[in-house]
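Remarks on the structure that follows.
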Amino acid sequence: MNANNLLQAAIFIVVLIAAAVPVARYLTRVMDGSSAVVRVFGPLERALYRFAGIDPRTEMSWKQYALATVAFNALGVLFLYALLRVQGWLPGNPQGFGPMTVDGALNTAVSFVTNTNWQDYTPEQTVSYLAQMLGLTVQNFLSAATGIVVVLALIRGFARHTAQTIGNFWVDVTRVTLYVLVPMAAIIAALLMSQGVIQNTKAYQDVPTLQTTSYAAPRLDAQGNPVKDAKGNPVTVQTSVKAQTLAMGPVASQEAIKMLGTNGGGFFNGNSSHPYENPTPFSNFLEIFAILIIPAALCLVFGNTIGDRRQGVAVLAAMTVALAAAIGIETSAEQGGTPVLASLNVDLAASPLQAGGNMEGKETRFGIAQTGLFVVATTAASCGAVDAMHDSLTPVGGLVPMLLMQLGEVIFGGVGSGLYGMLVFALLAVFVAGLMIGRTPEYVGKKIESYEMKMVSIVVLLTPLLVLVGTSIAVLADAGRAGIANPGPHGFSEILYAFSSAANNNGSAFGGLSVNTPFYNWMTAIAMWFGRFGTIVPVLAIAGSLAAKKRIAATSGTLPTHGPLFVVLLLGTVLLVGALTYMPALALGPGVEHLMLFVGAH
């Protein structure tokens, strides 16, 4: 960890927290209808309600809200699945891509609807422009809106008392999309285009290369099978490449909401390491900022809405402390390189001529400082976009993003999902504190009783169950082990990372695992769907239960939930649950890998 790394991380955190304040103020006013923007575009909003047959004045119980949420997203899966299956017969397909397979289309549909954006295909070789714009980009907006409205419903549960409703799902989704996501994405898209991110609908361009490249390609027979000689070795033919095909597309418009909505699915296979998605250090900084700005602002929205800003600041402080620690560990691990290279007298020190450390799988235009920031931000949130190959991180460098996902992505987390996950841990923290002092636990004026704790237990235990059971099945099944490219502990880490990513709706991966198979398509689709909606439903149940409770006044025995003591208690609860749940699995994967480095060095 050098001065440059520290300075870049510090500047980023300061800019993020400073920007979160006005964004939170805007979000609060939009959702309560007091913003001037809502008044200006009110006729458009009301026209949408009339067209859809919705009465915006009618609010929903938590069960109605949950049913609307699940049904809306299930219809999104069906629409996107159908679009990917028939894209070959639709316009907007200059490359003539055919339909995706049944399991591939279903996996992709579930992935984008659940805000995971897990991609086991090469987008620029698989998905048409129409499917990208009408299918994937639309779901990038709607899945992000779903996460935000769920946390808004939970916040209303804390803010209201003796109420039977928590809002109107259709009104919430419309306002979040119309007044928050669309304008913010438009601004970010314009800034990205200024940096060189492309935005067009041209066919792919064939351009001559500056230098002819030659390589040995396998000779194929008439059926396309490799030809072998008498000894069974493949026959090769020398091939020269004088031209290159450059993929085009409407990238900037999708890139903006991909980052802002913590979606993460790339227009290209290289994701945000591709120069057409992320060409400059400034665009990289902007994309990291876009990932975390709404999650950070929502913490302050929580405080504003319940009438005690200190509560939101405390949650934001806990997240920021954890984020800073993760950035420090990640950057130090990558800047330190590996003992194996050090034992070979390779110079790993940073200097004006080199970044030093472990630069494998990283872009030289970003270096270790910005890469470390991106790795932590994308896995602390439920984004999953990458500007480097996570499979090439050091064992400790790979452990950090894996653990951030396994903690439930509550360190800022996805838009909405991060805050409602952290508030669930806050309920668990005050429950534990209540047990220690012998008092009924309270949080922001609401008693936390057995029903809330049952729902908290479901939220806390469901994703670890999906991760560990899914990993176990994949390790035991032949179809699961067949995808491992790197045997040993790293192969296990690849599978553990895949299910941690899917169940927690992140979408990033250790690329050495081949997952475009029916086995992994079905397994990860199940993990993604239940990881998303298996937690949303109990969160909405908590919201409904809290809204119906009376507000109680704080007394001398009430645990303060706005000071440093609560921040420490909250972080301790998050880390303890994660450590106890995943430590054995992490020891078998990244833990063993890290120890093997020192064995190799000697």
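Glycine residues also receive a Cβ, built from the backbone N, Cα and C atoms like all the rest.
Annotation comment: Swiss-Prot describes 3-23, 64-84, 135-155, 178-198, 282-302, 313-333, 418-438, 456-476, 522-542, 565-585 as transmembrane segment.
Note: the stretches the transmembrane segment (282-302) and the transmembrane segment (3-23) are in contact (3+ CB pairs below 8 A, sequence gap of 6 or more). Listed by sequence, the residues of this chain that lie at least six past the ends of the transmembrane segment (456-476) yet keep a Cβ under 8 A from its Cβ atoms are 406, 408, 421, 424-425, 427-428, 431, 483, 492, 495-496, 498-500, 502-504, 519-520, 523-524, 526-527, 530-531, 534-535, 538-539, 542, 577, 581-582, 585.
Counting Cβ pairs closer than 8 Å to the transmembrane segment (135-155), the top stretch among 3-23, 313-333, 522-542 is 522-542. Sequence-distant contacts of the transmembrane segment (522-542), counting only residues of its own chain at least 6 positions beyond either end whose CB sits under 8 Å from a CB of the stretch, comprise 62, 65-66, 69-70, 73, 103, 106-107, 110-111, 114-116, 118, 120, 146, 150, 153-154, 157, 166, 417, 420-421, 424, 427, 451-452, 455-456, 458-459, 462-463, 466-467, 470, 473-474, 480, 498-499, 502-505, 515. When Cβ-Cβ distances below 8 Å are used as the criterion, the transmembrane segment (3-23) is approached by residues 285, 288-289, 292-294, 296-297, 299-300, 316, 320, 323-324, 327-328, 331, 335, 350, 368-370, 372-373 of the same chain, each at least six residues removed from its ends.
Sequence-distant neighbours of the transmembrane segment (313-333) (same chain, 6+ residues past either end, Cβ-Cβ under 8 Å): 1, 5, 9, 13, 17, 20, 295-296, 299-300, 302-303, 358, 368-369, 372-373, 375-377, 380, 393-394, 396-397, 400-401, 404, 410-412, 418-419, 422-423, 426, 561-563, 566-567, 570-571, 574.
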